[in-house]
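These notes are about the structure you will find just below.
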Amino acid sequence: MEFVAERAQPVGQTIQQQNVNTYGQGVLQPHHDLQQRQQQQQQRQHQQLLTSQLPQKSLVSKGKYTLHDFQIMRTLGTGSFGRVHLVRSVHNGRYYAIKVLKKQQVVKMKQVEHTNDERRMLKLVEHPFLIRMWGTFQDARNIFMVMDYIEGGELFSLLRKSQRFPNPVAKFYAAEVILALEYLHAHNIIYRDLKPENILLDRNGHIKITDFGFAKEVQTVTWTLCGTPDYIAPEVITTKPYNKSVDWWSLGVLIYEMLAGYTPFYDTTPMKTYEKILQGKVVYPPYFHPDVVDLLSKLITADLTRRIGNLQSGSRDIKAHPWFSEVVWERLLAKDIETPYEPPITSGIGDTSLFDQYPEEQLDYGIQGDDPYAEYFQDF
């Protein structure tokens with residue numbers, strides 16, 4: 001669904017400014033230094049105090065809400081169908097993000113199925129690197145999705161500010177994305193819209209994949225043309241039946257973009273981009289490590305019999321690739337790995353400094369009465 005927060009400019013340090021070009025030897029290995037361990041334990045204790053004010057599964061029950069349960073603080077992003085707001089619960093004081101979609105626009109743009117799929121997918125998933133939805137509700141004009149508020153902003157913003165990431169940094173984010181996609185695919189969910197704009201960073205610098213507007217539960221194959229042009233696999237463009245392998249193509253494009261600062265098939269119009277994708281010619285900058293060139297050549301390939309992730313061993317082939325040889329996957333999943341970048345969150349819980357300011361407008365929320373679109377959104 002083309003509903004993402006506008007591209008914010010991050011405030012404060014970038015990847016280069018934090019000197020994490022040296023974030024290399026053992027970057028994805030667990031920590032061993034005792035003093036560093038003790039410092040991190042103190043930081044974790046402090047973080048536990050902070051996160052006691054954040055949504056926790058054991059403290060906050062998922063369910064049905066109404067607009068009266070929240071105080072709208074400010075707009076975090078705008079899109080074709082509505083807005084994303086930072087809100088605060090009037091019951092527990094915790095902060096959430098509420099995604100609001102205008103029913104009329106969703107129906108007009110023929111996005112009803114995608115919108116219902118998004119609700120269904122978010123209700124199903126629970127993973128450290130995926131956004132969490134707490135509940136939904138609706139009024140006569142809008143539908144509302146209550147989700148975690150992730151303060152660190154978009155990976156897109158950090159990438160544009162940094163221009164491109166050093167090899168180990170791109171590897172870190174790619175590895176967390178792989179674990180998230182692996183989980184989705186194990187539940188027969190294709191994500192179909194992987195891009196930096198849909199990857200948020202939490203306050204510690206770990207990823208959260210958001211915006212499930214194109215996600216779909218698929219047992220075998222599907223045919224729908226959807227996604228963002230630069231990241232779409234060739235089989236989607238040619239309207240051939242496709243499966244989870246399209247996400248691994250997009251992963252390859254994402255890794256390329258993180259390392260180069262631009263996508264491999266970029267052009268001035270979607271049609272020209274599609275032409276380049278179908279031609280399949282990828283030019284690798286000379287500073288790309290040979291291992292990542294080998295990996296990308298096996299991800300960004302139209303030949304599904306060669307695209308790793310789509311072969312008999314599935315995602316294990318990607319995780320076993322030499323480019324990921326340093327990764328301790330179990331530690332990464334447990335978030336027991338140092339992150340290359342911690343967002344400069346200065347105002348504590350509810351900080352919005354990493355999101356752009358938007359003019360606030362009169363909101364038509366909470367209106368009751370006749371609902372001509374009720375039949376389309378019965379599950380909300």
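Placement of Cβ uses the backbone N, Cα and C atoms for every residue, glycine included.
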Revision key, fill the gap. According to Swiss-Prot, of the residues Thr75, Thr210, Thr224, the one annotated as phosphothreonine is Thr224
Exercise for review: Select one of Lys64, Lys99: the residue that Swiss-Prot places in the ATP site alongside Leu76, Gly77, Thr78, Gly79, Ser80, Phe81, Gly82, Arg83, Val84.
Suggested key: Lys99
Exercise for review: Ten-angstrom check, please: count other Cβ atoms within 10 Å of the Cβ of Asp193 (active site, proton acceptor), all chains counted.
Suggested key: 24
Practice item. Restricting attention to the domain 'AGC-kinase C-terminal' (325-380), give the mean pLDDT. Key: 92
Revision key, fill the gap. Leu76 (ATP binding site) -> DSSP, reduced to three states, gives strand
**Study point:** All-chain count of other Cβ atoms within 10 Å of Thr224 (phosphothreonine)
**Key:** 15
**Study point:** Cβ neighbours of Leu76 (ATP binding site) where a neighbour is any other Cβ within 10 Å
**Key:** 24
